[in-house]
Protein chains: 2
Amino acid sequence: MTTVSAAPWLDVPADHPFGVATLPYGVFSTAADPVARVGVAIGELILDLAPVVRLLAPRLAPAVAGPSLDALLAAGPRTWAEVRAAVTTWLTDPSFSDQLGAHLVPARDAVLHLPFTVADYVDFYASEQHATNLGRMFRPGQDPLTPNWKHLPIGYHGRAGTVVGSGTGVVRPSGQRREPDGGITFGPSRRLDIEAELGFVVGAPSRLGRPVELTRFAEHVFGVCLVNDWSARDIQAWEYVPLGPFLGKSFATSVSPWVVPLAALDAARVAPPERTVPLLPYLDDSRTPPWGLDVRLEVRLNGHVVSRPVFDGMYWTGAQMLAHLTANGASLRTGDLYASGTISGARPDQRGSLIELSWGGAEPLRLADGTTRTFLEDGDEVVISAVAPGAGGTVIGLGEVRGRILPAGRD
Amino acid sequence: MTTVSAAPWLDVPADHPFGVATLPYGVFSTAADPVARVGVAIGELILDLAPVVRLLAPRLAPAVAGPSLDALLAAGPRTWAEVRAAVTTWLTDPSFSDQLGAHLVPARDAVLHLPFTVADYVDFYASEQHATNLGRMFRPGQDPLTPNWKHLPIGYHGRAGTVVGSGTGVVRPSGQRREPDGGITFGPSRRLDIEAELGFVVGAPSRLGRPVELTRFAEHVFGVCLVNDWSARDIQAWEYVPLGPFLGKSFATSVSPWVVPLAALDAARVAPPERTVPLLPYLDDSRTPPWGLDVRLEVRLNGHVVSRPVFDGMYWTGAQMLAHLTANGASLRTGDLYASGTISGARPDQRGSLIELSWGGAEPLRLADGTTRTFLEDGDEVVISAVAPGAGGTVIGLGEVRGRILPAGRD
């Protein structure tokens with residue numbers, strides 16, 4: 001990939017996270033034009049894509065028409081490359097400035113929407129540190145990693161219908177929990193938590209009965225977003241044996257508005273950690289270019305940084321998750337979203353959930369404003385953001401996913 | 001509800017499972033008219049609903065136009081009642097025979113399709129006998145029911161994208177399993193199984209953050225279908241701790257083509273079993289008309305009856321499942337499907353899965369053709385059908401869900 005400098009006529013600094021090396025896709029509307037439509041973020045602006053493509057590359061117009069990224073996702077990797085190449089040219093060649101000018105909207109004037117229709121939502125559990133930490137807390141006295149953990153990327157299906165856009169208020173869920181005295185009660189969760197995750201957005205579908213091989217990852221996955229998989233730990237702890245998390249997770253999952261194409265992450269690819277158990281052939285990525293990713297997250301609670309999780313230590317890659325997800329012949333649909341599971345690094349300040357950061361509530365976090373937290377309080381706002389290295393010293397921004405806790409029973 | 005005799009001019013016997021007391025909805029096409037469209041089954045015929053409604057009740061036409069039941073489901077309970085009342089009148093009043101005649105298609109000439117777009121798919125675990133049997137086999141030496149089982153209807157999300165219509169071939173899935181010697185291998189499942197279940201089809205959506213109370217069941221759930229939740233027990237046993245079933249289930253879930261409206265099941269409502277643990281208020285159905293259902297299933301393997309599960313002994317009702325599913329504020333979408341989990345009765349010949357019928361493979365089933373089975377072999381065909389009592393001695397048919405096992409790697 002060649003390094004491109006940020007569009008000089010747009011005055012976007014070369015190290016802007018939404019420079020021309022990023023070009024993420026999203027869906028936006030404005031007060032002046034309230035129709036939801038596809039946009040590309042560039043600096044502090046959004047390029048209104050449909051009219052520009054109609055004008056300059058009409059053959060590609062159907063992929064970016066409509067109120068979501070669905071058509072673009074479904075169009076497949078060849079179209080993804082063509083649209084990205086065209087947008088890159090338009091934004092870097094000053095001769096297009098007149099044609100683009102009318103279709104650049106200040107990002108501050110835009111409302112951002114859930115960018116695609118979520119088909120199935122799957123959540124993995126791919127951080128060894130996170131799984132180890134949770135195993136210690138949920139199953140004390142046992143080996144924290146279950147025997148299968150290093151043989152396969154453990155995952156489960158979540159609720160696609162409650163995946164919400166960044167900024168959507170999250171009503172504190174109620175549910176059953178077991179009290180310390182053993183009694184079973186129902187009420188608002190007292191252990192409401194976050195999970196900082198990376199999400200993979202499937203574009204091209206696959207046929208039922210046909211596994212998708214590891215090496216076909218980039219032919220099916222369009223790009224990545226940030227995911228906050230809100231979790232009610234008290235509800236989860238009581239319900240999850242034997243069939244897994246359900247209501248402890250299904251009340252809301254927030255995703256970031258900008259989907260960063262895999263093509264923007266070339267320079268962020270790194271080798272995954274050494275695997276300490278031999279991998280079965282369908283998961284063995286030792287002879288293919290690796291899909292570890294040097295993505296660095298930041299978790300802010302009411303404006304204070306509480307964690308800086310790093311994706312590069314994740315035991316399982318997105319390519320392995322996809323190969324596993326389809327190994328039984330399960331088909332993919334456009335809009336399938338699968339998330340990595342909580343991203344926790346080796347250091348305590350790299351943990352991607354409050355249950356780990358506060359060690360189950362035993363070690364409250366002290367925020368810079370002097371308050372302390374174990375789990376989330378009503379009114380708390382969580383913002384997860386991320387960057388990755390781009391080619392030639394550029395920065396690839398993943399934007400942010402934001403959400404505020406509303407009191408139980410309000411919406 | 002008044003008893004209606006089957007349409008005399010259609011020559012449908014009063015005890016036909018698709019008599020005028022049933023009137024299930026489905027989607028069909030024919031060689032002469034290959035467009036998928038909404039139909040109502042009546043005896044051995046299908047009423048092509050859209051043209052009839054356009055002619056006789058044009059106000060209701062939008063609900064039954066289109067290639068699926070989606071619009072009807074979304075239209076809500078008032079429209080459901082109006083359409084059902086209208087169709088009942090048309091089929092029982094001979095004065096409509098001329099107008100209907102041109103729109104009645106022999107069922108044998110029709111291809112039946114997946115009747116609605118599945119939004120989220122949830123599978124419950126509501127049979128005490130099934131949960132007890134599986135607990136004994138999967139967690140020997142422990143209490144077969146987990147401590148939460150009688151406090152809440154345990155459920156988990158499944159893969160909506162691999163819910164398939166009756167008759168779709170089911171490719172034997174491959175996956176990881178632990179061999180008896182402890183080695184981990186990958187290959188076609190050796191313990192491929194069925195699960196005979198009842199599915200509940202959500203019509204009217206609900207708002208995020210707003211639980212749906214037990215008493216609102218019939219305002220949101222349109223009707224029921226039959227579900228075969230195919231299960232690869234070897235894959236499931238290795239993967240399911242700690243986050244629940246995933247690839248052991250996600251390769252295919254078959255649903256019956258006819259959705260029977262709740263209104264047809266009035267006479268089948270029975271009291272659920274006595275609850276031996278006090279229920280929290282949101283699940284307490286002791287002061288509302290019960291939603292236990294006297295639905296009697298039959299499971300045939302290659303034409304031989306292997307089980308006759310009964311739904312009336314299910315510990316949790318569909319109304320309780322819905323109240324639980326939404327207790328945390330999770331919203332419902334039109335097309336959400338939730339299934340009961342395997343229906344197993346107290347008697348050995350009422351068990352709804354092969355793992356129970358063959359007791360984990362230790363006690364092979366002998367079929368009437370002299371062959372034996374523990375789990376499914378390639379080429380095996382499973383048909384699950386069901387009936388329920390209707391008003392005035394009529395029979396309510398749920399039709400059947402059918403599927404045949406294809407060899408691994410074929411599709």
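Note: Cβ is positioned from N, Cα and C throughout, glycine not excepted.
The structure displayed is predicted, hence computed values, not measured ones.
Sequence annotations record features per position, and here TrEMBL assigns domain 'Fumarylacetoacetase N-terminal' to B:22-115. Taken from TrEMBL, the feature domain 'Fumarylacetoacetase-like C-terminal' applies to B:122-405. Taken from TrEMBL, the feature Ca(2+) binding site covers B:Asp123, B:Glu195, B:Glu197, B:Asp229. Annotation comment: TrEMBL describes B:Tyr125, B:Arg139, B:Gln236, B:Tyr240, B:Thr342 as substrate binding site. Marked as active site, proton acceptor by TrEMBL: B:His130. Under the heading Mg(2+) binding site, TrEMBL lists B:Asp229, B:Lys249, B:Thr253.
Recorded features from TrEMBL, shown on the structure.
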{"residue": "B:Asp123", "record": "Ca(2+) binding site", "Cβ contacts under 8 Å, 6 or more apart": "B:Gly155, B:Tyr156, B:His157, B:Gly158, B:Glu197, B:Asp229, B:Lys249, B:Tyr338, B:Ala339, B:Gly341"}
{"residue": "B:Tyr125", "record": "substrate binding site", "Cβ contacts under 8 Å, 6 or more apart": "B:Ala131, B:Trp149, B:Pro153, B:Ile154, B:Gly155, B:Gly341, B:Thr342"}
{"residue": "B:His130", "record": "active site, proton acceptor", "Cβ contacts under 8 Å, 6 or more apart": "B:Gly341, B:Thr342, B:Ile343, B:Ser344, B:Arg351, B:Gly352, B:Ser353, B:Glu356"}
{"residue": "B:Arg139", "record": "substrate binding site", "Cβ contacts under 8 Å, 6 or more apart": "none"}
{"residue": "B:Glu195", "record": "Ca(2+) binding site", "Cβ contacts under 8 Å, 6 or more apart": "B:Val227, B:Asn228, B:Asp229, B:Trp230, B:Ser231, B:Gly341, B:Thr342, B:Gly352, B:Ser353"}
{"residue": "B:Gln236", "record": "substrate binding site", "Cβ contacts under 8 Å, 6 or more apart": "B:Pro245, B:Gly248, B:Lys249"}
{"residue": "B:Tyr240", "record": "substrate binding site", "Cβ contacts under 8 Å, 6 or more apart": "B:Phe246, B:Gly248"}
{"residue": "B:Thr253", "record": "Mg(2+) binding site", "Cβ contacts under 8 Å, 6 or more apart": "B:Tyr121, B:Gly158, B:Arg159, B:Thr162, B:Val163, B:Val164, B:Val227, B:Asn228, B:Asp229, B:Trp230, B:Ala339"}
Surrounding CB atoms that lie within 10 Å of the CB of B:Thr342 (substrate binding site), all protein chains: 29
Sparsest-packed among the binding-site residues, when each Cβ's other Cβ atoms within 10 Å are tallied, from B:Glu197, B:Asp229: B:Asp229
List of the binding-site residues B:Tyr125, B:Glu195, B:Asp229 facing chain A, defined by a Cβ pair under 8 Å: B:Tyr125
Cβ neighbour count (within 10 Å, all chains shown) around B:Lys249 (Mg(2+) binding site): 28
Pairwise C-alpha maximum, in angstrom, for the residues (B:Tyr125, B:Arg139, B:Gln236, B:Tyr240, B:Thr342) that bind substrate according to the record: 18
Model confidence over the domain 'Fumarylacetoacetase N-terminal' (B:22-115), averaged pLDDT: 97
Residue counts (helix, strand, coil, in that order) that DSSP gives for the domain 'Fumarylacetoacetase N-terminal' (B:22-115): 48 helix, 23 strand, 23 coil
